Amino acid sequence: MKKNLTNIYLIGPMGAGKTSVGSQLAKLTKRILYDSDKEIEKRTGADIAWIFEMEGEAGFRRREREMIEALCKLDNIILATGGGVVLDEKNRQQISETGVVIYLTASIDTQLKRIGQKGEMRRPLFIKNNSKEKLQQLNEIRKPLYQAMADLVYPTDDLNPRQLATQILVDIKQTYQTYENRTR
């Protein structure tokens, strides 16, 4: 059973729109949006690509686990997670137990388009030469984990972040009728 319905966590692959939708959710609910990758960068003073290069994926995942633990202790937040947050069992447990988990999905083509628009240097697991294959590989591993955690699922290929954020809030209130009372 959920211990805290005041937090909204956005999970899904890179390029699914977690930060865009999270920004709109934050505006609509007058809450702070946290992006776990950006919070790691703030704490370390280094970008994610550098952390991957210097510490490897294991070092980054350790930092991510520490950040998720800290953020899950907060109340009334919107959290856009990194795509790989679901790889760690402790992350999955903390996120699932402390808020409503929204899984945003996107086709591989949509992901490629969005990642290309933002630039890939910030995304260490996105490799230009075989990017489509890499995204498919990541999806095969992560999709079952996203699905297992999700309270609500939304495709974002035809994304209008504000409309989707509004629909998410309506669905949360309908699914968890006490949600509105707990956020006051």
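Even glycines carry a Cβ here, placed using N, Cα and C.
Quantities reported herein were computed from a predicted structural model and do not represent experimental measurements.
Under the DSSP three-state reduction, GLY15 (ATP binding site) is assigned to coil, being neither helix nor strand. For GLY15, ALA16, GLY17, LYS18, THR19, SER20, ARG123, the entry in Swiss-Prot reads ATP binding site, with the evidence type sequence analysis.
What Swiss-Prot lists as Mg(2+) binding site is THR19, and the listing cites sequence analysis. Of all Cβ atoms in the protein chains displayed, 17 besides its own lie within 10 Å of the Cβ of THR19 (ATP binding site).
If you look up Swiss-Prot, you'll see ASP37, ARG61, GLY83, ARG142 marked as substrate binding site. The local packing around GLY83 (substrate binding site), expressed as other Cβ atoms within 10 Å of its Cβ over all shown chains, amounts to 23.
When the binding-site residues ASP37, ARG61, GLY83, ARG142 are ranked by how far their Cα is from the Cα of GLY17 (ATP binding site), GLY83 comes first. There are 18 other CB atoms within 10 A of the CB of ARG61 (substrate binding site), with all protein chains counted. Taking LYS18, THR19, SER20 as the binding-site residues under consideration, the smallest Cα distance to ARG142 (substrate binding site) is found for LYS18. Of ASP37, ARG61, GLY83, all annotated as binding-site residues, the residue with the shortest Cα distance to ALA16 (ATP binding site) is GLY83.
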